[in-house]
Amino acid sequence: MGFQWFSFICDLKDFHEMSHGLLLWLENIDRRRNEVVPIDPIQDSDTLHEHHKTLTQIRQELLDSQLKVASLQDMSLQLLVNSQGSDCLEAKEKVHVIGNRLKLLLKEVTRDLRELARILDITSSQQDLSSWSSADDLDTSGSLSPVSGRSTPSRRRSQRGKCSRSQPGPSVSGPHHRYPSGAGSVSFPSDAEAPRQRGGFLRRVLWVALPLQLLLLLLVVFAFLLPMSEEDYCSQTNNFAHSFYPMLRYTNGPPPV
């Protein structure tokens with residue numbers, strides 16, 4: 001029971017850290033998009049092409065983040081199994097907010113790119129907008145289906161736990177964490193997350209195995225203290241008796257030699 005509770009606490013901490021990081025990252029993506037839009041058609045061609053490049057990069061980052069949101073949903077499903085009440089509702093609401101936020105941003109960036117492509121008169125060979133998936137492919141519950149032609153196959157997972165009561169997720173227009181004005185671009189590379197996840201798992205394994213290691217150490221020490229044979233046992237008993245009983249008789253000093 002203690003191990004399950006400790007594992008649940010670690011999973012809950014990882015879930016909150018990952019969801020908080022994704023919310024901050026989506027807020028930063030929104031800020032970068034607002035630096036480009038609204039698009040002014042009378043701007044020079046170089047500036048418009050630079051905006052197009054920025055929006056394309058933002059859209060690709062949004063597509064890549066779908067795997068992270070899918071991983072976050074898996075963690076929330078596990079929390080639904082092991083928790084009840086407020087923890088269950090909070091996990092559902094966070095996944096719902098992040099999923100809706102990502103869906104809205106992807107839809108807006110795709111619309112901006114289409115508008116820029118029309119202004120710049122980019123041909124279909126240069127800009128394949130027809131292959132872009134609509135933002136409606138994203139599940140509003142937070143479960144994201146990858147985009148066709150640019151992502152991994154879709155995964156369907158059944159919900160393994162239910163909350164004691166249902167509650168709709170908050171609107172995506174609610175308050176979010178804000179970056180300082182000088183904050184730069186924030187990214188979530190999978191190569192950087194993998195060592196942190198492996199490190200957290202290793203710490204949990206070592207922490208759980210620590211009592212077992214101490215028990216084995218005590219068994220080894222106890223085995224060395226036991227006599228190896230009956231003769232050794234008798235010898236140790238006699239030596240103890242020869243030294244202990246005179247100590248009881250001669251309390252005021254050492255016994256005579």
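Please read every residue number as a count from 1 along the shown chain.
A Cβ is built for glycine as well, from the same backbone N, Cα and C atoms used for every other residue.
Curation plays no part in TrEMBL annotations; they are all automatic predictions.
Listed in TrEMBL for this protein:
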TOPO_DOM  1-207  topological domain 'Cytoplasmic'
REGION    131-191  region 'Disordered'
COMPBIAS  142-152  compositional bias 'Polar residues'
COMPBIAS  153-163  compositional bias 'Basic residues'
DOMAIN    199-257  domain 'KASH'
TOPO_DOM  229-257  topological domain 'Perinuclear space'
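For the topological domain 'Perinuclear space' (229-257), the mean pLDDT of the prediction comes to 72. Note on the domain 'KASH' (199-257): DSSP counts are 47 helix, 0 strand, 12 coil.
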